[in-house]
Each structure stands twice: as C-alpha cells, then as structure tokens.
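A.B. asks: Structure below; questions to follow.
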Amino acid sequence: MAVISGSDSVLLSNGSISTSTSNPSPLSPSDGDLPAQHLGPRETPRTKASPNGCLQLNGTVKSSFLPLDNQRTPQTPTQCCHPCPYHHPVSSHSNHQECHPEAGLAASPALASCRMQPHSEYSASLCPNHSPVYQAAHCLQPSPSFCLHHPWPDHFQHQPVRQHLTIIRPSRPFKFPRSYAALLADWPVVVLGMCTLLIVVCALVGVLVPELPDFSDPLLGFEPRGTTIGQRLVTWNNMMRNTGYKATLANYPYKYAEEQARSHRDDRWSDDHHERERREVDWNFQKDSFFCDVPSDGYSRVVFASAGGETLWNLPAIKSMCDVDNSRIRSHPQFSDLCQRTTAVSCCPSWTLGNYIAILNNRSSCQKIVERDVSHTLKLLRTCAKHYQNGTLGPDCWDKAARRKDQLKCTNVPRKCTKYNAVYQILHYLVDKDFMTPKTADYAVPALKYSMLFSPTEKGESMMNIYLDNFENWNSSDGITTVTGIEFGIKHSLFQDYLLMDTVYPAIAIAIVLLIMCVYTKSMFITLMTMFAIISSLIVSYFLYRVVFNFEFFPFMNLTALIILVGIGADDAFVLCDVWNYTKFDKPRAETSEAVSVTLQHAALSMFVTSFTTAAAFYANYVSNITAIRCFGVYAGTAILVNYVLMVTWLPAVIVLHERYLLNIFTCFRKPQPQAYDKSCWAVLCQKCRRVLFAVSEASRIFFEKVLPCIVIKFRYLWLIWFLALTVGGAYIVCVNPKMKLPSLELSEFQVFRSSHPFERYDAEFKKLFMFERVHHGEELHMPITVIWGVSPEDSGDPLNPKSKGELTLDSTFNIASPASQAWILHFCQKLRNQTFFHQTEQQDFTSCFIETFKQWMENQDCDEPALYPCCSHCSFPYKQEVFELCIKKAIMELDRSTGYHLNNKTPGPRFDINDTIRAVVLEFQSTFLFTLAYEKMQQFYKEVDSWISHELSSAPEGLSRGWFVSNLEFYDLQDSLSDGTLIAMGLSVAVAFSVMLLTTWNIIISLYAIVSIAGTIFVTVGSLVLLGWELNVLESVTISVAVGLSVDFAVHYGVAYRLAPDPDREGKVIFSLSRMGSAIAMAALTTFVAGAMMMPSTVLAYTQLGTFMMLVMCVSWAFATFFFQCLCRCLGPQGTCGQIPFPTKLQCSPFSHTLSARPGDRGPSKTHAASAYSVDARGQKSQLEHEFYELQPLASHSCTSSEKTTYEEPHTCSEFFNGQAKNLRMPVPAAYSSELTKSPSSEPGSALLQSCLEQDTVCHFSLNPRCNCRDAYTHLQYGLPEIHCQQMGDSLCHKCASTAGGFVQIQSSVAPLKASHQAAEGLLHPAQHMLPPGMQNSRPRNFFLHSVQHFQAQENLGRTSTHSTDERLPRTAELSPPPSDSRSTESFQRACCHPENNQRRLCKSRDPGDTEGSGGTKSKVSGLPNQTDKEEKQVEPSLLQTDETVNSEHLNHNESNFTFSHLPGEAGCRSCPNSPQSCRSIMRSKCGTEDCQTPNLEANVPAVPTHSDLSGESLLIKTL
C-alpha cells in the first residue's frame, strides 16, 4: 500500500483503500508543483543521470523499470509511450529556493515502464532550476506508465487536460565516444555497418581468391604425418613415385641398357605406376560359354539375405534374387549401355545362384529351374566342398577351349566338380564361407545366410544413376529376400552428394534453435541477427583459415563446426540477453552506454570463459598427427573465437538497436496497450500465447529456484555416491573392459555413412564372409619386411596438406660398393633369414636380397669368355668397388633377359641414378606375421622387427648405417596416432580448462572440483560411446577430445556463481548458484541437445555421430555439473578465503574485487572515506570506487537478503528520502547514521546502539565483503527535517567496514509506490520479461521492494528502538500497532511476512511490535497488548543461525506518524500477515534439507509480497530481491 500526502490513506495491493486521518505534513506542497531553485545557466549542475529513480531536470522522478503481474487491479491504465500530459510548460519556474523532499513523486509501479530518456548533455540534479522536456521514449517493459507530477489525490480526482508540449531536440555536437560501451550505445548502426562490411569483404575474398574446397575424396587427410612410420611411408611412396625411366631413381642402369637394347621405354616405368593398381575387367568374349567371364572384384555386386531370417537355399529365394536382378538392375534404361555383351543385342547374364543352377541342369534361365534342380545342385556342392576347402579344386580346373576337365590339373578332383568351374565359382564368389563348412556337413539343408549377385557391369561412377533410381528410396525387399549390402564403387562419390544434401538437418536444427531463442528473448530481430552472426563466424573463420593462415586443405569434417557453433552461439546470446536484462532491472534509468558497459563487463567474461575453453579443446587437436584432425581443430577453434568477437561487437549493437527502435515491431510480444477489448483471433491467440509463456515461466522459476535446490541439497549424499559410482563404472569400461576399440576397417573402407547403409554393411560385414574378398584384401597374407638404404626417411612436404608429400632426400653417406658394405649386407641377409619372424617361401626368390643373387650369378659365370671378364667366377667376394659397380649392371640386364622377370618401381634391389650410380638399395623379405587389423598384433610385429633391424644397423659400416625398415603399416600408424593423439588432446584440454577455471575463480578448491566433475563427465560419456559400439576412428577422436571443451562450460558457470554468492555458508552459496545459473545452463544444454538431435536422421556418419555425441555429452555434463559438482561444493565447498589465491587487488578480475580486496586489517577508521564515496556528490562527481562497484552490482548483487550481507551502490536523492516514495533508494549507511547522531542525544537508545555497533567485531550486514565486521548494523535510522540534505550526512558509521565497497544500504526496488494501481488492467500486465532467464521469470522483478512512508513532525518525537537478532534461515517479520490513544485509526499495520533469502528460504512468522533483547539473540512473538513497553529476552532456537540484525521501532508516539506498508503483487508463496497471527498459518511450509521452503497460498486475498526481515523503527529498511 502507499501513503497519500496529507492523510494516511493506504492502498492495498488488492485494490482496497485504508485511510486514517493524520496531521498534515509540513512538507506537503501547496500547489503540487515542483519547488526548484532558480540558478543561472552556468550554474546548472551537469551531473550524471542517476539510473535508478533520481530526480530529473524537468522535475520528474524516474519511474522504475518493472513488469508487474498485477492482475487484481480493476481498471486499465492509460496508454504508455506518449508525451507526458502532466509536464509543466517549459517556462514555468518556482520561486522556492529550497530543494524540498517532495521534489519527485513516484509513479505507480504499474505505470513505471514509460522510460523518459534525456539526452546525454542534460544531467540529473538534486535541485534543478529548469525543466528540459524529455522525449517520450519507447516502453521497455510490458507494463504501461504514467508521468505524474501532482500529489496523488489531486491527480486522480482532477486529471488535467493534456497540455501542449513543445518537443525540444537540442543539437548534439559530435563527441568522440568515451569508451567502447559508449560507441556501441551511441553508434550501433555504425558498428553493425562496419561488421557487415568486414563480413562481406571476408566472404568475397575467401570465395574468390582461393579455390573452393573439394570433397570428392572424403578420405583425403586421414593419414598420419610426422610420425616415424608416417615419414617412412611417405618416403617409400616418394621412392616408388620417383622410380622409373628418366626419373630420380631407376631399377635399370639405363645408360648401360641403352647400349644393349633400346626397348626398355615401356609403360612399366611410367610415372603413374606409383598409384594403387586397380584391377580392370578383362572382358572375355567367348560365345560358347553361358557366362561371359569369371566374376571378379571389378564387377558391381549385391548381397542378399532372407527377409524372414531363413536359409536362402530354396527355390523361392533363388528365383526372388533373379527377379530383383531383373527389376532393379537389368531393367534400368542405362543398363544396356553399361553391360558386357556377347552379341550386339544381348547382355551377358548375371552371376547368380539361379543361373549357375540353370547351367548345371541344362536350363535356359533362372526362371526355368525347379525344385529338383536345386536339390541336385546342393548334393553336388556337398560332394565337391572338401576339394575346395583343401585347395585342390581351383579356378583353372576346367579347360574352356576343350570344354572339359583339364587333364594336367586337378587330377584328384572328380570331373563333375570341375564342370564349367561352376562349383568353384559358387563356393568362392556366391555363397558365404560358412555355407559348406565341415560343421554343416550333417545338416539336411545347410543354412545359407547370404548370397552374392554379380552384375555384368563395371563398378564405378556409371552405376550412380542405377542406384539413385532403383535402390536409394527402395525398401530393399520384395518380401522373400532383402538386399543387405551393395558394392557399386560409388561410395565416396555418393558421399559428396549426401554431404551437401544432408545439410538440411543442420538447417532444421538451426530453425529449432531459432524458435527456442525467439521464445526466450521475445525478439525475432535479435534471434535472426544472432544466427547471422553465427553464420558469419564460419565465413570469417574460412577467410582466416584459407587466406591468412594459408591452409590449402579443407576437410569435410570442417562442415560439422556449424552444428557446434549453433549451440555455442545460442548460449552466448542467452548469456548476453540475460545480463542485459539483469542490468535493465537493476539500473532501469541508467544511460544506454552505462548499461552496455555493465553488460559487457560481465557477459564478455562469461562468454569468453566458455568460448575460450571450447576453442582451446579444438586447438588442442593440433597436437594430433592426422592432417584432417589438425585442420578441423584450427578451423573450429577459429570459428568459435570469431563468434565470440562478434558476440561482443555485433550482438550488443543489435540489442541497443532493438531497444531503441524495434521493441514493438511484433504485436504478440508488444506491451499491452489500453484499448477496447479485441475479440479478433489474433488478439485471442496473442493473449493465450502470453498466458502460456507466463505459465511456463512460472513453472521454470519455481523449479529452478525452489525445487532443484531442494532436490540437490536434500539428497546430496545420494547424488555423490551415485555419480561417483557412474564415474568408476565409466572408467572401468573405457580403460579395462571392453575398452575403446581402435578402428577395425581399413582406411579404404572408412565409414562415411551410417552403419545401416548397404554400402557400409558391405564393407563392414560382408567382405569378411565371402572367400574372394578375404583373399583379395590381404587376409592371411604375410607382412613384408622392407629395408631401405640411401634415402633419408624425411617428410619434407606440408603436413597440413595431404597432397604435398615433398621430394626425395638422398643420403650422401650411402655406399654399397665398398667391400665392407658388401660383406655386411650379405651377412645381414643371412642373419635375417635365421630369425623367427622370417617366412621362407617355396618359390625361388631372386629379388629379396640382391647381393645373394648377384654373388651366385658371379660364381656361375665362366671366365673363359673374354666378354664376361671381370664379371666371372675368378673374382672373389667381396668384390672391388669398380668390379662391383660394373658387374651389377651386367647381372641386372642378364637377369631381365634370361628370366623374363621385369623390374618395376616396387621390386627390391639396387636403384640407379641417371649416371648409373647406385644411390639406394631395397631389400624385402616375407615375415611370419599375417596382415591383420588388430592393433596389438601389428604393434608386436613392428616393435620386434624394428628393434632387431635397429640393433643390426648399429654395427653397420658408415655407408650402410642409416638404413630403415618399413612395411604395410599405414593402418597401424593411424591406430597408434589416434590412440596417443586423443589422450594428449584430452589432457591438454583438461589442463586449459583447469587454468581458465583457476583464473576465473581464483580458487583452487572450486577449480579442482570442476575438473573432477569434468573427468566424471568424460568417463561416463566415452564409456557410453563404447557401449554404443563406437570405435576410436578419426571422427570419434575429434568428438571425444571436444567433450572436454563442451563439458567444462557448466561447471565454470556454477563455480563462478558459487564464488560470487554473498552467502557465507556453503548451502547459501549453492542455492545462489543454482537459482542464478540453473535456468540459463539448462537452456544452453537444451539448445545444444536439440541441435544434436536434429542430426540423427542424416545419412552421413559425421552428422549422426556428432549428434549422438552432443546429446550425450550435454545430458551427462548437465547432470554432473548440477548434481555432482554442486553437491561437492555443498559438502566440502570452500568458505571465506579457503583455497583462495592471494592476488594484488589492482590485477583482479572485477567480479571478485569486492571479495578479495578487503582484509581484516583494513577496517580501521582511516578507511572511512571510501564509504562516503558512494554518497551523492552535489557537484555530480563520483569516485572511481563507486564506478567500479556500480558495474559489479548486476551479477554480484541482484538480491539483497539478510544472509547476503550485500549492499547496493547507487545513492538516492534527498527528495526520495523525505517524500516517502522509494523508487530505487540506495542510502549510504554512514550518512544515515550521521544524520541520526546529529539529532539524537547520546543517551538515547539509538545512540547507544550505534556506539555498540562500532565496537563489536562481527559481520557487517552492509558490506559486500563478508569478512568485514560490524555488528548491529541496522540501528535507529531516522530522517529529520527537510533542510537536511544528502551531502550533509556524515560518514561515521561502521568504521571497520568503511574501506570496503560495501558500506552502504541499498533499499532497492524496481517498483514505484502505488499511485494508481487501481487503474491497471487485469490480465494486461505481462510479468515475464523472458521465458526462462534465471531469477526473472517470477511475477515480480528481481529487485522488488516494499518501502515505508513517514511524515516527520518533530525531532524530539523519537520512539525507542531495540535490536532484534533474527535467524538467517528463518527470517521474522514484525507487526506494528499504533497506540490505542492515537486519535487516528487504531488499525494494526501489516508487515510482509516472507523473507526471500535468495528466493529460496521462506518462512512466515507473525511478530509483535514489542521487541525483546538478549545477548544471544531475540525472538519476537505476537502480542495483543497495544501499549507494550517492557522488553523481554527470548532465546533463539538452537538450530537457528543468528546473522541478521534489525532495528525495529518498539512503539510509535501518538504524535508521530504511522507506518504503512505498500503491499504490492509479489512472489507466490509470500503474503501479508493480517492482524491475527493465525492468518499466517495458511501459508504452508515444507522442510527441504535445512531449508524452509514455503508453498504459495493461492487463496490469499491480498497479493503476496516479498519483504526482508531487516526492519528499522521509524524508517523501515526492507531488502529483497
């Protein structure tokens, strides 16, 4: 309720008015005009406008920035955002020379959002002499406003006619922005224009200058570079590429060879021999055969399985496979152009089971076979299977020319098993390897699970249209059989198309995130511009990546950065918008530049922490040896940092522009306007939308501010045990069993589509099930041992460009021709053949160790022929150098001519340069190790062979000491690089996260807890991926290393909030961090989760894996940060300076300066000047200390409760003290006490209390620093006659706290007193600024307050005061009753009965105005006696913590004015205590751990009002959120 000047009329929040007659106040204005001093133009004070309800130049009092849910007000307010009709003409001045306290009369809280914005050159003044007209600016909140300059009764009874208002727009000379925030506030369009220009230039340069990326080869870059094996493999490949005719190296001595023969310029020495040979189809046009050729790897093929899980060896299934072949492949219009032909009109038949059964049973086609043919063929296969299995039945047992069995081969094989080679081809190509095993010999019908179909078309790009037209959208089944695997040779080509087509899923994710962001911010403009900033981040980072960093390779994985950036960018936008709205709520009348400065100071730090940790996790991938991973890490990390830069330049300018011009562009989000009831569908829809949003807002507020803290704290031990168990289980899965498996597919079979795709199933499953694939892909092939001399194993290419492999670097010390080298290398070959890992081949080996072959050739030459000398047997080994150099050339040419064995670039032996000088030597042997994809076996092979060769080379002569060994180790090197690189990247990410956390909080304990939480997140996430069947491949390595960057964000936010919490105890800090950051973190997790979920339908594996990972890591990270980390802090969290790193004050981050700056020794009286710096300077000059703390307030002190011990920094004007209207009252404590001391004798109780306050050494409730001690801070505060101005108040209070930033009381509110609340329309005032911003979803603003109004009469009418010590957890409220002798109303006044305690701790108590005092604390009870003067001492309950002290008036003299409390609509769960204490019992309480959680009473007639229990006698100090 509010007070009317001249009478004690009380307006309750439910609309009723309670009045009581009183003596008129001596300060009541006679005409309702503003008294002002008449000053000269040069004497006009040019002070900074007070942002929180200060007196303005035109006599108005800035109304607060408040959305209210005043649904009980019966009338509709007048329209907001118009020129104020109650302004006086510009020329009207008052002759009064004093600044009376009635200078500004507050507007109704329901009308408090009509923001009057002065130009910057007009400054606020306490006693202005002019009234410059303010422009009626747009409304900032969804509640209309009035601009009132008359006393309330006169105004509402006699509303004047709208006067003509002259709008004066003073010229604004150009002034260079004082700061970056001023630049954003004054020139947002310029900032946006510059950013747009930069983005456009980067886009044009990035697209036009370098070549566009090519994704045709998705496997490009998936190879290690820079490792020992990698360098050797690159050098070996360079050797093969540079070996040939007229190349750097050659197998033949060409100068010598040209003298012998000039026919060696064959294609076998061409440059393209270094590429991987690909077997081409050797078309065989034999018309006398049913089939045109033998099926081979070069043909397109399809794998069938039974649709019902039965065997395929039955007549319907066999015919079904033929039907699918005819309907899906052979019927395609392009098939006739692609197929192999025997005649001009017909294509060759496909190799299917049906056609083989037909040829064996003399049927014309597959459709003609019968059941008997199937049985006969099965019997034949059973008879011949053993010959195939023991190797006697081969592919050449049938003589096609003679059309009979080859008489010279397969002598032990029955003739029927060799007919047409059908049995061999069926068992080798068409059926799986388990069909005719000895285990199935006794089965009546062996189970044929899979069957292959070969089509007479070459696989490759030509099959693309057939697949897209007939297979892509087909359900792959005809009811009998199902196509489970396809190999058309178009996997990588199709991947490039799918990579572009599946970008629709990231687009859907972006759209949904946009929708969430739009609902959250209620601004389509901010949403679209945020998304534009995210897309621009990718564009600018692409420019930096390609042009500035000069990266030539752009892997396809870089496209997935968009998905990660959408989630991070949305999170940053939420943080910035939240802090902006916190600032606007806390400083509703702050200049735009100041609001931007405060917002950036806190939001920029928060966004930087999250962006830097995630970017660091990406950049940590640069330590990997795999090219694609390194490039992706650089690009993604750069994109996140660029996004951060745009979020602190682009987005603030967007918000300023939106706040200034575009606030009402969308009608549904527009503030309610007073208009006739609109029954249109759009109006009804908007109204319902607002109601739904409000309901969701309230539900989320209740959950995050009440339910979630209650759940976390009450079950904290259960949560700790549960999440520790999960961590241990995840660590066991990751490290012990089953462990994260390394890749099981070769690089050529690298998975690019989802696992269910038929292309991927063929590579992953069916290649292992058919014998021709097992033999072709190296199963059971021996690993080669290749030893090389003469070339240095150096990779001189660009490791960031997979196409740059460098050039050969020859070893200048190499010398094989010396006798010592000849003898050593021969001995080396002999020793190697004696090793256990050497495999002896049956065939004669001419090339393995060339020195052995050369020595044997020399010994076989007859020296009788003069032409052979000296290359003959007369020479003994080792040979002279000149003999060796000459004879080696003859031996090579003779070997080529006599044996017909042609040497190629892979053949071991000597390598010659263009001068026929031996520059390199290659030896190659077969090992007993078989090729496998198992990492352990390959590691054993490499370690064993490499260690033996290294040991032997240590004794080699100088010319052979630099040899090295290589083999087919590409896949093993990839596995090794992935396993090591992933662990290193994760460790580096954790180290960076710990460093950032430490630098952010300056607390070791919190940082360690955060790292423990991150470790648990990593173990559980990776363990879950292991159980999902993930293998540690390239994509998986990237995603897992990024898990650190994505999971650290939540712990950092909670940790910072824990440090910022003003509560001294752990529980209060945990509740503060949960209520402050809970909803913001949940929204961040939700947006990232949604972005990941939208990836799941994608065909591209990179999208689906990233989506799976993002969903999993968001859920696990949120759970660990919310329950595990917070429970750790609740049980073992630091208190006070525990774990705090001492750091110089000047170098601290500003959010912690208030907690780090004060020391116990800084509380002396010599520091009191710092406290007075917060008072209003008549010259408008604020100290630097005030300015620094002013910007700390929105994050550090959004609420002020009895347990927070936090003050607010913004001073108030005298008029706000004396007129009884508090809009944003912030009163310097020393000033208040100084005023009290000047008027009260030292013998009065108030003075005694004051002296005791200065003597005691306990916590000061007015200090931001919880270590600052000043007990009994709330004492007898009284404001005297209007002549006492703010600057006249002393600064003698609480000298022990004066040095800190917290020497002031702020009676803060975003609400003006109810002047015309009965005019507010029910249902039109929307309470929710956002849908879910933390702490602002409630039906009141965060800094809601109740103020008291008192009419001062005389200084000597002072009531006695006493000190009450109230419990921090169970706050009390007092009920003030006037004496019965009072000639005015004897009605008891009502006091708010709820103390929010950070919106968490609530208890309703009814108290008597009589105070009880005791040494240990006091406890009040309701008393029905109106004239109680005696003080009783009550003992506080043992479980209660005594931290807050309040000074309450014991009695009010009947000559003194009465107190009235303006009960405004407030938070659910709080209501005014009526006269009877029994009424408070309607408010239910439930015990939540150690907290008292209050349940709202929905049946309250008077809206609930949150107040603070710290109440002073004649000047009620009420602190709330």
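Cβ atoms are placed via backbone N, Cα and C, with glycine included.
Heads up, here are the entries from Swiss-Prot:
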type	residues	note
COMPBIAS	1-10	compositional bias 'Polar residues'
COMPBIAS	11-35	compositional bias 'Low complexity'
COMPBIAS	1355-1364	compositional bias 'Polar residues'
COMPBIAS	1418-1428	compositional bias 'Polar residues'
DOMAIN	485-657	domain 'SSD'
CARBOHYD	ASN14	N-linked glycosylation site
CARBOHYD	ASN58	N-linked glycosylation site
CARBOHYD	ASN390	N-linked glycosylation site
CARBOHYD	ASN581	N-linked glycosylation site
CARBOHYD	ASN1455	N-linked glycosylation site
REGION	1-55	region 'Disordered'
REGION	1355-1440	region 'Disordered'
TRANSMEM	189-209	transmembrane segment
TRANSMEM	499-519	transmembrane segment
TRANSMEM	524-544	transmembrane segment
TRANSMEM	548-568	transmembrane segment
TRANSMEM	603-623	transmembrane segment
TRANSMEM	637-657	transmembrane segment
TRANSMEM	717-737	transmembrane segment
TRANSMEM	986-1006	transmembrane segment
TRANSMEM	1008-1028	transmembrane segment
TRANSMEM	1038-1058	transmembrane segment
TRANSMEM	1081-1101	transmembrane segment
TRANSMEM	1109-1129	transmembrane segment
A.B. asks: Would you say the transmembrane segment (189-209) and the transmembrane segment (637-657) are touching, if the rule is that at least three C-beta pairs must lie under 8 angstroms and be 6 or more residues apart?
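C.D. replies: Answer yes, regions in contact.
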A.B. asks: Taking all residues of the domain 'SSD' (485-657) together, what is their mean pLDDT?
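C.D. replies: Averaging the confidence scores along the domain 'SSD' (485-657) gives 88.
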A.B. asks: On a simple 10 Å Cβ count over all chains shown, which one of the glycosylation sites ASN390, ASN581 is most densely packed?
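C.D. replies: Max Cβ neighbours within 10 Å, all protein chains included: ASN581.
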A.B. asks: Is the transmembrane segment (986-1006) packed against any residues at least 6 beyond its ends, judged by a Cβ distance under 8 Å, and which are they?
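C.D. replies: Distant Cβ neighbours of the transmembrane segment (986-1006) are 605, 609, 612-613, 616-617, 620, 623, 1014-1015, 1018, 1040-1041, 1043-1045, 1048, 1051-1052, 1055-1056, 1058-1059, 1129, 1132-1134, 1138-1141, 1143, 1148-1149, 1152, 1156.
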A.B. asks: Which listed range (524-544, 548-568, 717-737, 1081-1101, 1109-1129) shows the maximal number of Cβ pairs under 8 Å with respect to the transmembrane segment (1038-1058)?
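C.D. replies: Answer, by Cβ pair count: 1109-1129.
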A.B. asks: Considering only Cβ pairs under 8 Å, which range in 189-209, 524-544, 1081-1101, 1109-1129 makes the most contacts with the transmembrane segment (1008-1028)?
C.D. replies: 1109-1129
A.B. asks: For the transmembrane segment (1109-1129) and the transmembrane segment (189-209), does the number of C-beta pairs under 8 Å, pairs 6 or more apart in sequence, reach 3 or more?
C.D. replies: no
A.B. asks: Which residues of the same chain, at least 6 past either end of the transmembrane segment (1081-1101), have a Cβ under 8 Å from a Cβ in it?
C.D. replies: 495, 498-499, 501-502, 505-506, 508-510, 512-513, 516-517, 520, 563, 566-568, 570-571, 574, 704, 751-755, 757, 760, 1035, 1046, 1049-1050, 1053-1054, 1107-1111, 1114-1115, 1117-1118, 1121-1122, 1332
A.B. asks: Please work out which recorded stretch in 189-209, 603-623, 717-737 has the most C-beta pairs separated by under 8 angstroms from the transmembrane segment (524-544)?
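C.D. replies: The stretch with the most contacts is 189-209.
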A.B. asks: Can you tell me the CA-to-CA distance separating ASN390 (N-linked glycosylation site) and ASN581 (N-linked glycosylation site), as a whole number of Å?
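C.D. replies: ASN581 (N-linked glycosylation site) has its Cα 81 Å from the Cα of ASN390 (N-linked glycosylation site).
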A.B. asks: Residues of the same chain, at least six outside the transmembrane segment (717-737), with any C-beta under 8 angstroms of its C-beta?
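C.D. replies: Hits for the transmembrane segment (717-737): 1015-1016, 1019-1024, 1026-1027, 1119-1120, 1123-1124, 1127-1128, 1131.
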